[in-house]
């Protein structure tokens, strides 16, 4: 009876005001493993509640991927995998789940149509993301009506596979310092795109090695001898028959640590001439006579609006990391709830196992809701551009760094079975590993977040208010929020003071660099010893932490009881169907190999 009351309580908390969809046939999910919903909350209602938007689209797309083409094949060659990825994308595109222009007109639908691909295969998700988000989104955001009319129909049908030429061999995060040149020739009314050195070659360009036909190229614009900063141009790199266009040279980047379904390449442009209309001219234009115009007078301002509108890609990367974590947790928990160890006791019954997987499950939900909040902020009529940039940067870094830790824990919690490719966690670890550095290096992104926090703190100049809590109060949501806010304010004040002292010292930059290096070297320790912060600031006492530890252990045990039924329902609440979970150990590990 006590267990039933706890499940009923959890049901009320998690399925408050669920979204009802009339006439909808639910996709088969891990709910089938859980059983009937009579003894607990309905995972389907939880899924609808947390999904927030485009539920029917997501379910239809996931159901579509039951097609045999989307089943994994871990024995195929590199080239076969690339062709399979293109075929998968073409078949998905043919369903018309969304259009490129949805990037502007219906961004939630646009993201929903792409997010589900990461549940199937990350090479497919990245191939689609480069084509629709980076190439198509750039044309939508930075181009005008003439560009939309010329390029979007071909992008929507995949007749014009696209890629995105920002990163160079010598320039990753330093986009303002790219070397690729674009010089306007007013005698012919053309731009001349040129790669002046090997370090200026476009590098890791997804989709360029084999399939890409059009590329949005970032280049330094010079008009009438004056440098105007980075601008974006649409350049044909292959003709309709797939032959490289004049002056374009591409080298295949070859096999990678992961994402081998994506054909990354290195591109050189040798005085490639393109028409004047190839400049994406929403924020700047060049007239036929060579007159340059822009509502933004400085290079810095123009660069800001050029790259500032490309946050959707960063949000998709964050979402992909969150979804990979969800899948890993679903697999590891399902396996732990049915795998006995040392007799008849299931490994999910061990506290050490619970303390690894339950926080991971909770983190998945926390990150999911954070992404929902970011979408709410970003997809308003007049979003705060700075807030969107800071939040998307922070979430991308946090979600992907958490993904690294969660998938490693899930792999280890599955023992040797976690090392098998067919159980999905291993391939996800290698495929997703690049998410910590592409669409912005995580360390650089977090530095930008820290800068914004320091600026905000300098403006507010609020006095630190140390929470005064009794041990029994430390576990309430409001108290936890108060403690986290205090920790943020105190850390910002501390690092702000250290930066001021470093800047004022004789060693100046050297002192600041040493401080940064020391922090980086001890980052894991800082995170692991979060408790030390509250103790040092007298915000929490030893009895507080004893109460917290006991509370966590008791809840781990409670949620893992009854064969882990509640945990399995929480996993099923993500709404990921069985054919996308894929891993045999997530169902009945005893049946592995029986089909031979």
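Glycine is treated like the rest: Cβ placed from N, Cα and C.
According to TrEMBL:
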type     : residues : note
DOMAIN   : 163-272  : domain 'Acyl-CoA oxidase/dehydrogenase middle'
BINDING  : 167, 206 : FAD binding site
DOMAIN   : 308-454  : domain 'Acyl-CoA oxidase C-alpha1'
ACT_SITE : 439      : active site, proton acceptor
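Separating the Cα atoms of residue 167 (FAD binding site) and residue 439 (active site, proton acceptor) is a whole-number distance of 10 Å. A 10 Å cutoff on Cβ-Cβ distances gives residue 167 (FAD binding site) a total of 19 other Cβ atoms nearby, all chains included. In sequence order, 126, 127, 130, 134, 163, 164, 262, 263, 264 make up the list of same-chain residues 6 or more apart from residue 206 (FAD binding site) whose Cβ falls under 8 Å from its Cβ. Neighbour count (other Cβ atoms within 10 Å of the Cβ, all protein chains): 24 for residue 439 (active site, proton acceptor). Across the domain 'Acyl-CoA oxidase/dehydrogenase middle' (163-272), DSSP helix (H, G, I), strand (E, B) and coil residues number 6 helix, 53 strand, 51 coil.
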